[in-house]
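Down below is the structure, laid out as structure tokens.
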Amino acid sequence: MIISTSLSITTTATTTISYPHRLHYHSHRSHRFSLLPKSTLANTSIPATLSTLNDPKTAIIIGGGLSGLSAATFLHSSGIPFLLLEASDGVGGRVRTDVVDGFLLDRGFQIFITAYPEAQKLLDYSSLDLQKFYSGARVYYNGGFHTVADPVRHFWDSLGTLGNPIGTILDKLLIGLTRIKVLTKSYEEIYIANEVPVIELLRSSGFSESIIDRFFRPFFGGIFFDRELETTSRLFDFIFRCLALGDNTLPSKGIGEIPNQLASKLPQDCIRLNSKVVSIEIDDEKRVNVRLDNGEELKSEIGVILAVEQPQVENILTGNLLERVNNPGNKKPGRSTVCLYFSSDLDKIPTSDPVLYLNGSGRGIVNNMFFATNVARSYGPSNKALVSATLIGLFDNVSDDELIGRVVQELSEWFGDTVVGSWKHLRTYRVKFAQPNQSPPTDLLRSPKIGDGLILYLCGDYQTSATFHGALVSGRRAAEALLEDRAVSRVAN
């Protein structure tokens with residue numbers, strides 16, 4: 001996607017796993033637990049077998065986001081019994097979708113790139129029914145819109161962009177050279193390459209300040225929730241490579257269908273919802289004790305995988321365990337975002353194109369927006385359109401009403417009062433922890449082990465890259481480490 005000279009590579013997903021062996025809209029949590037049925041992916045009162053819940057020979061996974069589900073998938077394919085504990089009322093973590101007045105509202109702006117390598121192994125793309133964005137963007141600048149198009153997928157569109165003010169012709173040639181550069185590297189090479197903040201990479205590569213401010217800040221700033229572009233160049237190269245090889249998409253049933261699909265392939269009595277873990281301890285017998293907020297304790301001799309968001313790790317681990325976490329001094333604040341949704345009559349939106357709009361003006365608070373029902377018609381009723389607007393930062397000193405007013409006023413400047421004035425606000429999501437802060441220095445190959453000799457493992461996108469791919473990879477790595485330690489323990493005994 002975006003300005004590239006790539007040849008489009010079709011990716012094919014399979015259901016076979018080929019392994020070699022932010023949010024203010026939380027539901028109230030209770031002490032009652034539910035299990036996740038394989039068929040419905042909803043809460044239920046079906047009791048779990050006591051042997052599953054209390055057997056110390058069962059591995060425990062804490063957290064039902066993408067990394068936890070990936071770890072569960074790997075353990076299940078390896079024949080290891082497990083119990084996944086999720087604090088909320090559904091799987092997905094930050095990757096969830098709500099239904100409001102017939103609309104599908106993803107919890108924050110999220111796009112799925114088909115070229116993520118780990119996703120290609122784990123997900124059935126056909127069942128997700130992925131709907132594509134236009135391979136490019138429209139940039140709002142100087143009171144008008146200017147198209148940025150992928151010359152391979154939209155050749156004729158791209159010819160018309162050469163003279164637009166979103167960067168110079170040299171800038172557009174440099175983007176092609178950047179694409180060639182990232183495609184000559186493997187993902188592994190990208191992960192360990194020398195790193196600088198993205199802004200330094202762009203300037204040292206020769207890009208003009210005009211294209212940095214008008215395109216790179218809103219586009220990659222919207223991906224990383226970081227308009228200052230302080231994020232590591234490693235992540236920039238990784239995303240750029242994925243964009244060159246794949247499509248930007250949305251599942252027809254919402255972004256939450258991705259974790260739902262993973263959960264649907266797991267045993268129905270192994271996912272327990274509404275089960276918040278408050279602490280983890282190691283007893284004298286080297287078993288891991290997991291305590292829930294209702295006072296219940298579970299033990300595991302196999303291992304515990306902690307698959308929660310980075311800020312929650314310090315809430316669950318204490319004392320010596322917390323001291324043994326890799327990079328315990330990393331106190332960089334997480335990235336935040338606000339996403340506002342509006343409904344509209346179909347004749348009150350300015351386009352039917354599935355395109356992302358970027359704010360390249362350098363003014364205002366909207367970073368990017370799009371009409372979700374133009375990408376996936378299933379995101380709203382047949383006679384309505386769904387509008388999504390994204391801000392970077394939490395804006396916690398601004399009330400919801402004031403925020404809505406400012407966004408409406410700003411988008412009215414883009415599209416006109418008669419268009420935007422008819423839109424109706426549906427919901428605002430303030431996602432306090434949308435992504436970990438991945439400014440340099442980073443370690444995208446961090447070990448999931450919490451010290452030697454402990455059967456306790458970490459996973460999450462903060463352990464690798466802040467992407468769908470990173471979350472899935474980290475879950476697999478944690479499960480692999482658990483299996484390796486289990487094999488060594490068996491040999492030793």
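Note that the numbers count up from 1, one per residue, in the order the chain is shown.
Even glycines carry a Cβ here, placed using N, Cα and C.
Predicted automatically and left uncurated, TrEMBL annotations should be read as such.
In TrEMBL this protein carries:
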- Ser67, Glu86, Ala87, Val277: FAD binding site (BINDING)
- 66-483: domain 'Amine oxidase' (DOMAIN)
Restricting to the record's FAD-binding residues (Ser67, Glu86, Ala87, Val277), give me the longest CA-CA distance in Å as a whole number.
17
Using all protein chains in view, find how many other C-beta atoms are within 10 Å of the C-beta of Ala87 (FAD binding site).
21
Within 8 Å of the Cβ centroid of the FAD site residues Ser67, Glu86, Ala87, Val277, which other residues of the same chain have their Cβ?
Ile61, Ile62, Gly63, Gly64, Gly65, Gly68, Leu84, Leu85, Ser88, Gly93, Ser275, Lys276, Ala307, Val308
If you count the other CB atoms within 10 A of the CB of Glu86 (FAD binding site), including all protein chains displayed, you should get 29
Return the average pLDDT for the domain 'Amine oxidase' (66-483) as a whole number.
93
